[in-house]
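So that you can see what the record holds, here are the features copied from TrEMBL:
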type	residues	note
TRANSMEM	B:41-62	transmembrane segment
TRANSMEM	B:74-95	transmembrane segment
TRANSMEM	B:101-119	transmembrane segment
TRANSMEM	B:131-152	transmembrane segment
TRANSMEM	B:185-203	transmembrane segment
Amino acid sequence: MAVNTDKNSYTVIFAAVMVVIVGSLLAFFASSLSEKIKENERLEKQQNILYAMGVNENEDEGSVNFVSTDRVAGEFQKYITEQLVIEGDQITKDDNAYLIDLKKQETVAKAGKTRKLPLFIGEKDGSKYYIIPMRGKGLWDAIWGFVALDNNLVVQGVYFDHKGETPGLGANIKQRYFMDDFTGESILDGTEYAGIAVAKGNNDPTNEIKDDNEVDALAGATITGNGLSAMIKESVNLYKSYLESIRAKN
Amino acid sequence: MALLSKKDTSLILDPLADNNPITIQVLGICSALAITAELKASIVMALSVVFVLGIGNVVISLMRNIIPSKIRIIVQLVVVAALVIMVDQVLKAFAYELSKTLSVFVGLIITNCIIMGRFEAFALANGPWRSFLDGIGNAAGYGLILVIIGFFRELLGSGTLLGFKVLGDPIEKTGLYATGYENNGFMLLSPMALIVVGLIIWVQRSRNKALIEEN
């Protein structure tokens, strides 16, 4: 039986049926898998935070290996001693602070209200780590990360990730050789919260100069690098008053 | 009867050389320029496209007699987008690490003109088995060029292959770098990918004069 596929009525019915089928198929997939996906994302966040403070399973000098997913919840309990939520001048403890959605908080801030800033305090081998989560813009989409600082606001480790940066170029911000460069840099330039800039041609490709607030850029990824610099600078300034209090205690 | 007839074999083999989607049909150039700075990304993209184009072609081919011609492009777009999103969701739930690696490619696959091109040119007019072979063949031809470009860009641009420092260490000045060799940073940028594509087209056409178009 041949159907006249050129008729207008057929076209409309076909389109309607297709939308219903595809729509319900996608909705079914999304809702039946959403719990599992959320769980994966939760564990990933814990892995990322731990990675920034140096709790990971890196083997050689090139690999980025997180604590495995079946152990991460326990390790997170063990190493992250405090989770704080900073809301204006108010600082409260909250064991689910790591689940705070930074993107939503940005919208809150844009609406003129005070945003919630999560901060994680970790302890490893007797030293304290202050881990700041951050979020910014890369070339194509969002970039985010965690920066672990010590009492003197010197970076002890970082983890960066991205949603859709160009593979081989901007996507390399999550490569070990790039992230490791941040360790040892201070986010302070004198008393100013300068952050750490991703700089081109700073004549320091091996990153031996640790007091210049700069790390060597990735070739071909200028905009991702600039976005990363801006993200770090903005974020540390958001936490300025809390970070000042850490410095004062010292 | 053989599993693949002569025509079937040519469906798979032709796109690898004399009817290559990138160098002859000039489809899929955008992603060939965008993600070939590293060999690994090229390989991942090539495999993803083989998968999506193979299955997508079959789905479109099965639907070919009921798709209204007026809205066929929309239908094709819906099929490929739905397919890619479903695969992405399943990977996110059961293979999270893998999905993280692939997530950047999702957008590139949906908008890849090879996929729409093969739906339009082949799957709408042929049976599912043939369409499947055509999809695999064209995606492989596309992937082959991607891998060649990725190989040269990573080797000459970063001095590595799949992340291994095959030419020595540029900072410690070992291996080839001891002789004063430097990486060519320009290779990492898209314009150089286009030039590499041009070189491949040149080589291919000078080997087989029949491919040169008449003006």
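Cβ coordinates come from backbone N, Cα and C, glycine included.
Because TrEMBL annotations are produced automatically, they should be read as predictions rather than curated entries.
B:41-62 is the stretch from B:41-62, B:74-95, B:131-152, B:185-203 with the greatest number of Cβ pairs below 8 Å to the transmembrane segment (B:101-119). The stretch with the most CB contacts under 8 Å to the transmembrane segment (B:131-152), chosen from B:41-62, B:74-95, B:185-203, is B:41-62. Sequence-distant neighbours of the transmembrane segment (B:185-203) (same chain, 6+ residues past either end, Cβ-Cβ under 8 Å): 22-23, 29, 32-34, 36-37, 145, 148-149, 152-153, 156-158.
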